[in-house]
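In what follows, a structure is listed as C-alpha cells, so that the remarks can point back to it.
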C-alpha cells in the first residue's frame, strides 16, 4: 500500500546550515533489498549502509547490524513503477478527492504472520514536482499485511510541530493518563497499527535528547552545557518529524515512509541528582525495552569496554527481569548502539565486536527462568551498530551522518531499515496507552528491580551482625529459663518475668547499636529479631501451658477420686471449675508477665480449648462410669426384691396373679429410680436427672434402668418356663388340695376314705393354673409387654412374645408328666391305707418279753451293756426332741448309697480285671412276682 507523502519539516534552529549529503543511490534491483536483507544477515556479519563521500579530514564511518535468528524471509513484491504525478497547484493536506485514484492496484503481500483484515490503500495524491519531499515506500506494516487507518486529513509536520512533548512518566513514577489526548493532538489517534515506537537509553548528559532532536526533528529539552545538570526527568514522548534526504539526487527521495514514529526520551542513568537510588533507572530502562521496537543505546566511544560506564550492570538487571516478565510474549526488539564522538582510531567493526562480546557475556551471566535456561540473546534481540562524529568539533559531518542514519527509520528499502514487522507489538495505537500503563504497573510491582543502595547494604550487614550478637545473649538466657522450667514447679509470674526480661534485654541490646542505621533496615531487622525471640520464647511458653494442662487434669481426677459428702454431680462440677480456674489463672499471670498480650506466640487460647475438650471427655467418661454403677446397683436391688415378689405371688396363683406381679414390678421400679432422683415422677419421666451430665444422658440412663428392670422380668418368665418349675408348681398345687384339708392339716388316709374323688378333684385344681403359668396375661385379658424396647426383642416382630411362657405343645407335654407324678402320689396314699390295716398282734409283745427275758436281764446286770443302753436311749431322746430323725435318716441313706456306689465301683473294677472269656450270668430270681417288683420300686 502506498503511503501518503508530506512535506519535510524545517531543520531545527540549533543545527548549523550545512548542505545535505545525498545518500548513495540504488540500482534497479535494490527495490528487493528489504526482503533480501532478512535472509542475508547472520549473527556475526556487520552490514554497512551507503555513506556520502567522506572528507579527507575524517575516516569513513560504518554502521553494522547483527541480527540474530531472523524470521522467515518475506517475499518482496514485484517492483511497481510509480505513476506519473498528477499536476496540482498546491500540496493538498485534505482527504483524497474522489477523482484522484491510483492507476494500479495494491500489491498483495505473500508473508502474513498476523492475520488482519486488509484495508484498501488510499489513492496516491498528486504532488508538485518542485515540492522538496519524497514519496514513501510501503511501510513494514503494509508489507506485513498490517492495516492502517485511512486518515481523513493529512497533516503536514508544521501542523503539530508546535505541540510540546508529553511527559509519559514523571520523576515520581506516575503514569500520565492523557496519552490518548496527546495522540489526537499529533494526529495519530486513527493510526491503528501504522506507527512505531523508538526509545533512547544511556548515561546522563551524553547527548541523548540532542541525538533525538537531530535524528527525528523533535524538540526535547537539551542540557545547558554551562550548568551540566539533569534536563530530562522521567520519560518524555513526542512524535517524530521525519524528513526525506534533501539531495535531489537521492535515490530514496521517493521512497520515504510516512508512518507515525513515536520517540521516547528516557531519563539518563548514573545522574548525581538520584545518587545511589537506581530504582527509577532500572524501571525506566525496562519500560523502554519492553514497549519500544527500537532501543537506541547512546554511548561514547571511550565508554566501550567499561562495565559501569557502559551501563552493563543496569542492562544485566533489565535483561534478567525482562526475561522473567515478558518472555512469554515472544516479542523481539532491535538494540541499536550509537557510538558518539567516534574519532576513527578504532574501527567500528572492532568496537561492534567488543560490544557484542560484552553483551554475550552479560546475557550468559543472568538468571534465566525455568524452560529458558539455554535461551540466547539472539532469540530475543537483534543488534545494530553505528557511529557518529563529534557534534561540536565536526558539526557538518555529524549532521550528514545523522541524515544517513535517519534513512534507516524513513526508507523501508534501506538494507538496515529498523522497523521490521517482527519488532511491532501489534497493539493498536488507541490501546497503546492502556498497554503501556499495564506494563509500567507490572514493572512497578516487580521486586527484582528494588536492589539496595550501598547505604542500605551496609545497614543490612551491621543490623544483621548486631542482631546476631543480641540473639546470642538471648539464647544464653533462654537456656537458664528452660532449665528452671524443667527443674520442677515454677510460679507462673516468675517464669513470665524471666521470659519478659530476656526479651527486653535482647531488644534493648539490638536497639542501642542498630537504631542509628537506615530506619527501614533497622525496623525490618528488628521485626525479624523479635519474631525469632518470640518464636523461641513461644516454645517455652507452650511447654509451660502443656504442663499447666497436665496439672489441671490431674487436679480434676484427684478431686473426683477423693471422698466427699457431696453428690457425684456436685463433685464433678466443682472439680471441673477448679481445673479450669487453675489453668486460666496461671496462664494469665505468665502472659501478663511476658508483656506481649497481642502476640500470637503468647496466646493460650488453643491450649485452653484443648483442656476444655479433654475435660469434656473426662466428664463424659466419669459420668458414664457413674451412671453404669448406679444402673447396675439399681438393677441388683430391683432383681432381689422383684424375685421375692414374683415367687410369692405365683405361690398363690389365681386370675389376678399377673396384675399383682405387674403392680409389684412398677412399684419396685419407681422406688429404684427414686433412689437416684428423689424428684422423679412416673407421670413426668422427662424430668428425671442423675444430677450431672446432659438431659440427653439422663434420658438415656432412665431408659437403660427401665430396660434392665424389664430384662429382670423377662428372666423371671424364662425361669418360670423351665420344666421343673412348672411341674413343681403344679405338684405343689396338687399336694395343697390332696394332702391337706381346708385348715392346712395333713390328711391321714384310712381305709374307706374317698381317695379317688379327692385325687380327681386335686388334679383338676392343679391343672386350672396351667394357663396362668403359660401366658403373662392380666385379668383384663391384656398381655404384659415392656414399656421400653429390649435389646433382645429388637428383631422380634411378635408384640406378645414377651408374655408367652409356654407354647401349647409344651403345655401338653408338661400336663402328661404332671399326671404321672400325681398318680405316684395317689399310689402312695393307697399304700398308706394298706399299712394301717396290717398291724402287729398284741400277744407278740408278750412272747417277745418272755423269750427275751434272759437277754434283758443280762443287759441290765452288765455295766457295759447298761451304759451303752443309757447312751443309746439318751441319743434317741435328743434326736426325737430336736426332730432330727429325718436328717439322720437322710444322712444314713446317703452314706449307705455312697458305700453302695463305692462297692459297685470296686466290683466293676474286679470284673473288668477278670480273665478274657470268663462270663458271668445274672439271672432274675425265679418265681418273682410283679407285686414284689412294684413293692421294691416303691
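Sequential numbering from 1, following the chain as shown.
Backbone N, Cα and C define each Cβ position, glycine as well.
Annotation source Swiss-Prot lists GTP binding site at 202, 203, 204, 205, 206, 207, 208, 209. Under the heading coiled coil, Swiss-Prot lists 603-630. The compositional bias 'Low complexity' annotation in Swiss-Prot covers 33-45. According to Swiss-Prot, the compositional bias 'Pro residues' annotation covers 74-94. Feature annotation from Swiss-Prot assigns compositional bias 'Basic and acidic residues' to 100-118, 918-938. Residues or ranges marked as compositional bias 'Polar residues' by Swiss-Prot: 146-158. Per Swiss-Prot, domain 'GB1/RHD3-type G' is recorded for 192-423. Taken from Swiss-Prot, the feature region 'Disordered' applies to 1-159, 911-938. If you look up Swiss-Prot, you'll see 1-839, 885-938 marked as topological domain 'Cytoplasmic', on the strength of sequence analysis.
Comparing the binding-site residues 205, 206, 209 by how many other C-beta atoms lie within 10 angstroms of each C-beta, the top residue is 209. Same-chain residues lying 6 or more positions outside the coiled coil (603-630) and placing a CB less than 8 Å from one of its CB atoms are 542, 545-546, 548-549, 552-553, 556-557, 560, 568, 572, 576, 579-580, 583-584, 587, 591, 676, 690, 692-693, 697, 701, 704. The sparsest Cβ neighbourhood within 10 Å, among the listed binding-site residues (202, 204, 207), is found at 204.
In the three-state DSSP scheme, residue 202 (GTP binding site) falls into the strand class.
Each of the binding-site residues 203, 208 was scored by other CB atoms within 10 A of its CB, and the lowest score goes to 203. DSSP assigns residue 208 (GTP binding site) to a helical segment in the three-state reduction.
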